[in-house]
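Undergrad: What follows is a structure written as structure tokens; I'll ask about it next.
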Amino acid sequence: MENRMNELVSLLNQYAKEYYTQDNPTVSDSQYDQLYRELVELEEQHPENILPNSPTHRVGGLVLEGFEKYQHEYPLYSLQDAFSKEELIAFDKRVKAEFPTASYMAELKIDGLSVSLTYVNGILQVGATRGDGNIGENITENLKRVHDIPLHLDQSLDITVRGECYLPKESFEAINIEKRANGEQEFANPRNAAAGTLRQLNTGIVAKRKLATFLYQEASPTQKETQDDVLKELESYGFSVNHHRLISSSMEKIWDFIQTIEKDRISLPYDIDGIVIKVNSLAMQEELGFTVKAPRWAIAYKFPAEEKEAEILSVDWTVGRTGVVTPTANLTPVQLAGTTVSRATLHNVDYIAEKDIRIGDTVVVYKAGDIIPAVLNVVMSKRNQQEVMLIPKLCPSCGSELVHFEDEVALRCINPLCPNQIKERLAHFASRDAMNITGFGPSLVEKLFDAHLIADVADIYRLSIEDLLTLDGIKEKSATKIYHAIQSSKENSAEKLLFGLGIRHVGSKASRLLLEEFGNLRQLSQASQESIASIDGLGGVIAKSLHTFFEKEEVDKLLEELTSYNVNFNYLGKRVSTDAQLSGLTVVLTGKLEKMTRNEAKEKLQNLGAKVTGSVSKKTDLIVAGSDAGSKLTKAQDLGITIQDEDWLLNL
């Protein structure tokens, strides 16, 4: 009996691979269903023999309570965007300056959700969302219901792979047909449907919706030499990879490929929003390294935005957490890039004046980067004596007089007690990239603020379950979850807190760099502008903004209050002893290493106290050079920087 179960699992997984991955089924649906039912019956009779890679794991109505946070072992970086051929040529020049013989891999940019899959001994252990690149959500049970994701690899590998989870157009249409029949609101586009499906707590719904994936990266160390090799290896493991790709050292040929795909993309069975161009050599990728936000060895070309005409019906003015007042146009609805658009940003008052935008105008609307609807210009030939738009003089939230500074393009409310600003600051503090307090969204912030229960971020930590229960719509179970999420956030690493404070010019990446350098929020608050400005990737603007923020008396009081509530001020990332052998040294790795992988070398250097960077400069203290070292070695020699080899590093 056990042998028959093993045979059925093997057969059904092979047939599923032929159907979902290879698009070449060798058995009929009825034959598959017959074998599947036989397996289900055997598993019901012999549950002790159920295999971890059984296809029956992909179905069922398991209801989850929520999704836990997941710390990625290997960060997921975003990509630099390009919107023109000129930007691609500039990227090519930057790469060729370091590596004249570099070739590129051009791949389709699938319009879905980035996911990370970790296998231990060949068995899928964790499937997670990208999140902020460092911390995502564990959605393993949902990803097990995606039919082309292997539950068990043929080899007993420990591997982490990355890819895009998407909803095919055919599946999207089927879902919306069902929603229409049930009188439910339809999904606007396949990407929204995929995102909503992956966040479903009922895994049975996920199984029915026929999501799919394309894998494109091995995040864990690999012995492969090129991106092309990686894709071939991923396919050999049973993953779906996209075959619409091109390898070329010529950006002209890459551009021709882009033009062809853009013309034909409507015929693809899934949505794409551009082409990703990567340096094909993994060794060159390592050499080129990363900026604070993105790899230097890749760029994402975004297709030009679709444009439609619409009429401006009215304009709403809203104030954000920094006091900037933003105009949003209400439009006659139009279909744009697969979405119904009825609102579009007008950016700021200077933009309105420059474009002479008026209520009643017919305007050209587009999606900036295929994401945010915006007004491009006015169709003057259709203007019919519309009145000039009335620019507000008073804040729409607090009624204070608005100001328009000479060096700014926007109107600004400078009242620090403006209700909308306070609510926006509170929502930002609790948001995913900041303190990540689950359940503490804008609607809850509004209720708490209106009930006079919170007025600044420290008030969040005063809240009790009883306070939350006084709000409309909050039951005991929800109140308890929110309270525990608040308490849990106290233990976050301090870069989350720093970002949550909403300091101008200080984003999440800069927050991490600052806390890596200073280790503690209090130490950062007392640091000089010069010491902050000297950190790679930052500069004078951020340093001045931090200095201005921390010298305020009310900020010092806020930090004292947060301390009294035991909110963590320490950076919880990897720290090294100041007496480590390479403590404080900036080191660059270059060339091909023979006895250790680049990741192993980088980790060893960091454990010895070094800061490993991707480029050689006057701030570089040491370079470790392997064979075939290129321009970085030459530059280090010109600058008189100490040069060591791989054996030196091994012997440390």
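Keep in mind that glycine also has a Cβ here, set from the backbone N, Cα and C atoms.
As annotated by Swiss-Prot, NAD(+) binding site applies to D29, S30, Q31, Y32, D33, S78, L79, E107, R130, E164, K278, K302, with the evidence given as sequence analysis. Per Swiss-Prot, the feature active site, N6-AMP-lysine intermediate maps to K109; the stated evidence is sequence analysis. Under the heading Zn(2+) binding site, Swiss-Prot lists C395, C398, C413, C418. Among the features that Swiss-Prot reports, domain 'BRCT' is placed at 577-652.
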Undergrad: May I ask for the distance between Q31 (NAD(+) binding site) and C418 (Zn(2+) binding site), taken between their Cα atoms and rounded to an integer number of Å?
TA: 67
Undergrad: Neighbours of the Zn(2+) site C395, C398, C413, C418: Cβ within 8 Å of the Cβ centroid, same chain, sequence order.
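TA: Going along the sequence, the neighbours come out as V319, G323, P396, S397, G399, S400, L402, N415, P419, N420, Q421.
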Undergrad: I need the least crowded one of these binding-site residues (C395, C418), counting other C-beta atoms within 10 angstroms of each C-beta.
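TA: Each of the binding-site residues C395, C418 was scored by Cβ atoms within 10 Å; lowest is C418.
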Undergrad: Cα distance, L79 (NAD(+) binding site) to K109 (active site, N6-AMP-lysine intermediate), nearest Å?
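TA: The separation of the Cα atoms works out to 11 Å.
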Undergrad: Given the binding-site residues L79, C398, C413, which one is most crowded in terms of C-beta atoms within 10 angstroms?
TA: C413
Undergrad: So what sits near K278 (NAD(+) binding site) in its own chain, CB-to-CB under 8 Å and at least six residues off in sequence?
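TA: Looking at Cβ-Cβ distances below 8 Å from K278 (NAD(+) binding site), excluding near sequence neighbours, one finds Y104, M105, E107, Q227, Q285, W297, A298.
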Undergrad: When you measure from the Cβ of R130 (NAD(+) binding site), how many other Cβ atoms are you left with inside 10 Å?
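TA: Its Cβ has 20 other Cβ atoms within 10 Å.
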Undergrad: For R130 (NAD(+) binding site), which of these binding-site residues sit within 10 Å, Cα to Cα: C395, C398, C413, C418?
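TA: Of C395, C398, C413, C418, within range: none.
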Undergrad: Counting by DSSP secondary structure, give me helix, strand and coil numbers for the domain 'BRCT' (577-652).
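TA: Final tally across the stretch: 24 helix, 17 strand, 35 coil.
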Undergrad: Determine, to the nearest whole angstrom, how far the Cα atom of C418 (Zn(2+) binding site) is from the Cα atom of L79 (NAD(+) binding site).
TA: 36
Undergrad: Could you give the Cα-Cα distance between C395 (Zn(2+) binding site) and L79 (NAD(+) binding site), in whole Å?
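TA: For C395 (Zn(2+) binding site) versus L79 (NAD(+) binding site), the Cα atoms are 37 Å apart.
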Undergrad: Across all chains shown, how many C-beta atoms besides its own are within 10 angstroms of the C-beta of Q31 (NAD(+) binding site)?
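TA: Excluding its own Cβ, Q31 (NAD(+) binding site) sees 12 Cβ atoms within 10 Å.
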